[in-house]
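Below: the structure, in structure tokens.
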Amino acid sequence: MSADTAVQSTYQSSYAKLQSWVDEVAALTQPDEIYWCEGTPEEWVRITDRLVEAGTFIRLNDEKKPNSFYCASDPNDVARVEDRTYICSVDEKDAGPTNNWMAPDDMKQVMRGLYDGCMRGRTMYVIPFVMGHLESDHPMFGVEITDSAYVVASMTVMARIGRDVLDKIEQTEADYVPALHSFGAPLVDGATDVAWPCNDTKYIVQFPEERTIWSYGSSYGGNALLGKKCYALRIASVMGRDEGWMAEHMLILKLTNPEGVVKYIAAGFPSACGKTNLAMVEPTIPGWTVETIGDDIAWIRVGADGRLYAVNPEFGLFGVAPGTGWDTNANAMRTIEQGNSVFTNVALTDDGDVWWEGMTDEPPAHLTDWKGNDWTPDSDQLSSHANSRFCTPIKQCPTLADEYDDPNGVPLDAILFGGRRKTTIPLVTEARDWTHGTFMGATLSSETTAAATGAVGVVRRDPMAMLPFIGYDAGDYFGHWITMAKNNDESKFPKIFYVNWFRRDDDGGFLWPGFGENSRILKYVIDRVEGKVEAHETPIGLVPPTSSIDTDGLDVTEEQLAKALAVDTDEWAAELPQINEWFEKFGDTLPAVLWTELDGLKARLGL
Ligand code: GDP
Ligand code: PGA
Ligand code: MN
């Protein structure tokens, strides 16, 4: 670095590769100062004080939510931007038909232009982090550079960050994923700052071969906390393909039956389709307990015994706020009650607490809504954005399982796929084998939600709930699922099921009450794993008769449950052309066995 670009820095790394990358970014972005994050409690105080001073954070009432902050984003920066998200592989073909692509050099040229001077008047933060355990055999390091103190505070909650991570990176001269973020709002010529700086131009870019991430213009979680979706899913899915493991958009839970027998289940549902809720569910069936291991991401490897072991690489929860309440997800409420949290785009109460739709039956008489306006119960607007979020340390979750701290993870007994479908998809269907389960995952469909910008409620294919997160050709990704079983002993792999909590009756109401009652389906799944209950062969897979579901104390008629479980040939006849069209997108990367599965399904349906 030449003398004229030298800026004040709190630290110089002894690891030349890392220091020269930091220097290079500083020379390009031209910050006023460089701050290396240490992850200490004192640093949290300094960063959050700074955010309060800048008007980004409002400190909540210490008696309601200790050490916690309210934050409202720019109304145009509230969700992941899938149309601005790119997989910049060297070959366009490797990004596949489901990702946006641009040639890496072209993208870098565009983004260098945007990054040029983008941190003027700002502090550049360097955040050393590790996804997964620092003690694991191969710690998965990253370093995020950002100009956003909001990102620093959020990353402190969401990932293991700081001095001990940096020490280990330096001591072992480890590989790390360089992850560059800027909100793209330089402060120049005495301009006044805004509470939520961002830019109308947004790019969320992964370079899979280089294992590098460049993000620009947004500070929203999935766009800016680069350890999460960008690294732990998009980049990690590519690492997993190359190294024989899997990075999946799945919760992980531990289920214990009344006899004390423990099982582990992972479940992949699209964003805002119930992962966080199921991960913390309070079973309504007596004697059963659920403990939480992860609520969003699972890294899955084959263990020495041939079973699939899942680890949650995250350190916090970034949950959808609306719909989270004492009736639906009491454990999430208990987690956030302890404080140390950031709430974004929810409503602020007059006594310095937060509120959102679904937290309590009765809304407070007066609120400040997420846009800063007065709000009363007869307002025609929602008080909180539909994708408003709580960001909370997972260690505060009262149901966190001890296994969370095991770097080797937990052996999976079952994998669930699920989505939001008003019709067609039964409450629970079991795959005949791993290949059929891969077919179920590959054809998974769901109505779009507010977790990404764009229309809400539109049915789309969301394979394995990974549509926005597969870092390579989705056809090759299905092939990787098939290969995992081919290269290992499939008989040791978990059974695969497809669930749908969101099927509706003719009046538009949910056929299945969901939430705590989903424990009945978890029990059924484990009963099937143990061969204890019956399931019927149907054209789409194994579906339980109502008698196989524990309905003791359940407020659902047998007729209604039968409707929730029904396989409707007319609905499937409408579904098949969509699956066909979906598969045709992939050309020769789609594994032939998936076409065979589709042909079999058609034949069994008599279509
Ligand atoms: P995630 O983004 O996949 O973690 O989804 P969440 O668990 O945060 O849930 C997203 C939304 O779906 C929230 O509004 C929940 O209240 C709602 N939800 C979660 N589980 C169920 C369920 O079993 N039934 C119904 N009807 N809604 C649910
Ligand atoms: P989620 O993802 O909706 O799956 O929790 C969060 C995000 O979009 O960043
Ligand atoms: Mn979630």
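Just so you know, glycine gets a Cβ as well, placed from its N, Cα and C.
TrEMBL labels come from automatic prediction, so no person has curated them.
Quick look at what TrEMBL lists:
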type	residues	note
DOMAIN	21-241	domain 'Phosphoenolpyruvate carboxykinase GTP-utilising N-terminal'
BINDING	R80, Y220, G221, G222, S271, N387, S388, R389	substrate binding site
BINDING	K229, H249, D296	Mn(2+) binding site
DOMAIN	245-604	domain 'Phosphoenolpyruvate carboxykinase C-terminal P-loop'
BINDING	A272, C273, G274, K275, T276, N277, R389, R420, F515, G516, E517, N518	GTP binding site
ACT_SITE	C273	active site
Candidate with the highest Cβ count within 10 Å, taken from the binding-site residues R80, K229, H249, R389 = R389
Sort the recorded positions H249, C273, G274, E517 by C-alpha distance from G222 (substrate binding site) and give me just the closest.
-> H249
Give the sequence-ordered set of same-chain residues, not counting K229, H249, D296, with Cβ within 8 Å of the centre of the Cβ atoms defining the Mn(2+) site.
-> G222, K228, A232, L233, S271, I297, F469
CA-CA, which of the binding-site residues H249, A272, G274, T276, E517 lies nearest Y220 (substrate binding site)?
-> A272
Same-chain residues at least 6 apart in sequence whose Cβ lies under 8 Å from E517 (GTP binding site) = T284, L554, V556
Taking a cut-off of under 6 Å between Cβ and any atom of ligand 2, tell me which of the binding-site residues G222, S271, A272, G274 pass.
-> G222, S271, A272
Spatial neighbours of S388 (substrate binding site) that are distant in sequence (at least 6 apart) but have CB under 8 A | V320, A321, P322, F343, T344, N345, V346, W356, W370
Could you check which of the binding-site residues G221, T276, D296, N387, R389 have their CB within less than 6 A of ligand 3?
-> T276, D296
Within 10 Å of H249 (Mn(2+) binding site), Cα to Cα, which of the recorded positions R80, G221, S271, C273, R389, F515 are there?
-> S271
Of all the binding-site residues here, Y220, F515, which one's CB has the most other CB atoms within 10 A?
-> Y220
N387 (substrate binding site) to C273 (active site), Cα to Cα, whole Å, comes out at 12
What subset of the recorded positions C273, T276, R389, F515 lies within 10 angstroms of D296 (Mn(2+) binding site), using C-alpha positions?
-> T276
Where ligand 1 binds, which of the recorded positions S271, A272, C273, T276, N387 are close by, with Cβ under 6 Å?
-> S271, A272, C273, T276
For F515 (GTP binding site), the spatially nearest of the binding-site residues R80, G221, K229, S271, R389, using Cα atoms, is S271
Note on substrate: the CB centroid of R80, Y220, G221, G222, S271, N387, S388, R389 has further same-chain residues inside 8 Å, namely V78, A79, F318, V320, A451
Restricting attention to the domain 'Phosphoenolpyruvate carboxykinase GTP-utilising N-terminal' (21-241), give the mean pLDDT.
-> 98
